[in-house]
Amino acid sequence: MTQGFLAKNPSVLIFLAALALFTLAVTLLSHAYGVSFLSTSFVKTLGKTLCLCLIALAMDLVWGYAGILSLGHFAFFGLGGYMIGMWLMYARTEEIVVQALSGAPLPPTPEEIVSGIGTQIFGVVGGSEIPWVWSFAHSLPLQLMLVVLVPGLLALAFGWLAFRSRVTGVYLSILTQAMTLALALYLFQNDSGLRGNNGLSGLQNMPGQGAVTQDQLSVWFLWASALALGLGYLLCAWVVSGKFGSVIRAIRDDEQRVRFLGYSVESYKLAVFTLTAIIAAIAGALYYPQAGIINPAELAPIASIYLAVWVAIGGRGRLYGAVIGAAFVSLLSSWFTGGRAPSINLGFYTVNWVDWWLILLGLAFVLVTLFAPQGIGGLFDLWQGAKHPKRRGAPLGPDDGSFQEKEAVE
Amino acid sequence: MSALLEVSGVSVTFDGFRAINNLSFNIAAQELRAIIGPNGAGKTTFMDIVTGKTRPDEGSVTFGERSVSLLSLSEAQIARAGVGRKFQRPTVFEDQSVFDNLMMALKKPRGPLAVLMFRASKGDARKVRDLAEEVGLGDQLERKSGELSHGQKQWLEIGMLLAQEPRLLLVDEPAAGMTLAEREHTTALLVEMAKTRAVVVVEHDMDFVRRLDCKVTVLHEGSVLAEGTLDHVTKNPSVIEVYLGRG
């Protein structure tokens, strides 16, 4: 069956091969395992980009295929990061505390260690008690389970309420924005138990791996991110290849008609929403150890909007489009906002890209939506000689998320 | 002959406007029935009620031997119980091939997990091909349904309904916008389908109804005005008055 699946979807093999080549190339050019051509911080940027590609896949599945314009998936991404960050911070602090107390004449009691950890982590928000949300933070397996469970259950509860009431289109988008904003505001509070606006930091240090340098760690995380992206791609491609993919694309274009076929639209939407939230959370759990720090600003509503922009520019409704869009736009964005892009002196005005990048991105988004709705992915159709229907350019269905004829390929 | 669908005493009001007013009638298990009536007579609202899109204010709608009430079921549950609906405008999934459209409609478990694990067997593919043959789309299976002509889309939709294997089929103005040859094909399809199930055709076009040659129900202002053969109802003075105006 797998053979048939790959034979029917040659783009999956091409993608996986390209990803493997990319990973190998970065490894050989890295500081730790190769010729030291790429700096460790750039390897981290590439690893983080792979995680962003993974959440873009999730966004494409939920928006490009199922037509649900969720503007809240970065909330799940951030939650995934928080969940893994709690273990990283706790275990790392534990090491430091144990080391500091080892000089004392008597060996420290477990209570002393726990209170030391509490003071270390929560001193910054004026506390020393470890809040209940950290109950599992001592255990990596438990905290890894929470990476999946917490965002998954939040998506399940939110989706159940929203889809059951048949909230669709722009109203759903607004609701998801409200969800991510509410979550961010909650995390900003010091008594939420997650260090308020300080967030979690020092996540780049692997507990128990003191001998491993950041040079090596950055490559390890690149491998893990590439593996997750590869598996995520396979999963998404498998989900959309069969009848399930048919049904969710049908829901995107005309959900009322799908109901009259006997499919319970709400449970499909809920399944896709929850699955993509979990993919987003896993992406976040791999992203933040490479970023080193997570704070509530990461969950800002604008982050989730960027995600939609990446997928739109890459080409929605095709998985490799989402990956290309996320990689291309996020790398370009870090180049422009990193101050590395040369300013343009017009004589009367200097175009400073750090300020002007967002305007450029917004303009690109508008232009792509108007003139090239297939996005960058459309270039592959050009190359393969695939034609786009040019009948009227009308939507293919009555629903808000439905495909436009200009996006479809004959 | 016991009724498959029993509508009794149904009323529905939209913002004070009574779209359906104490409507009652029955449809047998194997029957072709045409529903005619002027604009605003409540034809489409009647279909909306039976398929679960609109909830009536009062009355009951029961279906099948065990007289299941349709009023407490969702649209998807009603469809699974065996009620198929064809819309006036052909609504097929334009971004997908004729084959995929039919495969989606094929009677199979409809739950997300079952569908996720579903892989079409040879028998399923053969069924889809046979259905496509039956509605005259045998050579169009790989085409995207958005490229089909208007008439072909109508047939595809009828094919999808057949694939659902409904026991009751509600068809809204099937002949609208069709050429003469397409109309004849459509009539034959509907008559053939009614041999094994109940088919209710809502239609505007008297010529088309005459061709169907079946029992006719005339709706007016949300209730039944007359019932019988087409010749019988067209002789009915109140029907003539409604259709030709009160001038």
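Placed from the backbone N, Cα and C atoms, the Cβ positions cover glycine too.
On a predicted model such as this, the values are computed, not experimentally measured, just so you know.
The transmembrane segment annotation in TrEMBL covers A:12-38 (among others).
The annotation transmembrane segment is assigned in TrEMBL to A:50-68 (among others). Residues 74, 77, 172, 222, 225-226, 228-229, 232-233, 236, 239-240, 245, 248-249, 251-253, 255, 268-269, 272-273, 275-277, 279-280, 282-284, 286-287, 290, 307-308, 310-311, 314, 316-319, 321-323, 325-327, 330, 399-402 of the same chain sit 6 or more residues outside the transmembrane segment (A:50-68) yet have a Cβ under 8 Å from a Cβ within it.
Look at TrEMBL and you will find A:74-92 (among others) tagged as transmembrane segment. Nonlocal intrachain contacts for the transmembrane segment (A:74-92), taken as residues 6+ away from its ends with a CB within less than 8 angstroms of a stretch CB, comprise 55, 117, 121, 133-134, 136-140, 143-144, 146-147, 150-151, 154-155, 179-180, 183-184, 187, 194, 199-203, 205-208, 277-278, 280-285, 287-289, 291, 294, 296, 298-300, 303-304, 307.
The transmembrane segment feature in TrEMBL is assigned to A:140-163 (among others).
Summarising the annotation, TrEMBL assigns transmembrane segment to A:170-188 (among others). Within the same chain, residues 68-75, 78-79, 82, 158, 162, 194, 196-197, 199, 296-297, 299-301, 303-304, 400 sit at least 6 positions outside the transmembrane segment (A:170-188) and bring their C-beta atoms closer than 8 Å to a C-beta of that stretch.
The transmembrane segment annotation in TrEMBL covers A:220-240 (among others). For the transmembrane segment (A:220-240), the list of distant contacts is 5, 9, 11-12, 15-16, 19-20, 22-23, 26-27, 30, 43-44, 46-48, 50-51, 53-54, 57-58, 60-61, 65, 212, 248-249, 275, 279, 282-283, 286-287, 289-290, 319, 323: same-chain residues at least six beyond its ends, Cβ to Cβ under 8 Å.
Sequence annotations record features per position, and here TrEMBL assigns transmembrane segment to A:267-287 (among others).
Residues or ranges marked as transmembrane segment in TrEMBL: A:293-312 (among others).
The transmembrane segment annotation in TrEMBL covers A:319-336 (among others).
Look at TrEMBL and you will find A:356-383 (among others) tagged as transmembrane segment.
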Close approaches to the transmembrane segment (A:293-312) from elsewhere in its chain (Cβ under 8 angstroms; 6 or more beyond its ends): 52, 55-56, 59-60, 63-64, 69-75, 77-79, 81-82, 85, 176-177, 180-181, 183-185, 187-188, 196-203, 321-322, 325-326, 329-330, 361, 365, 368-369, 375
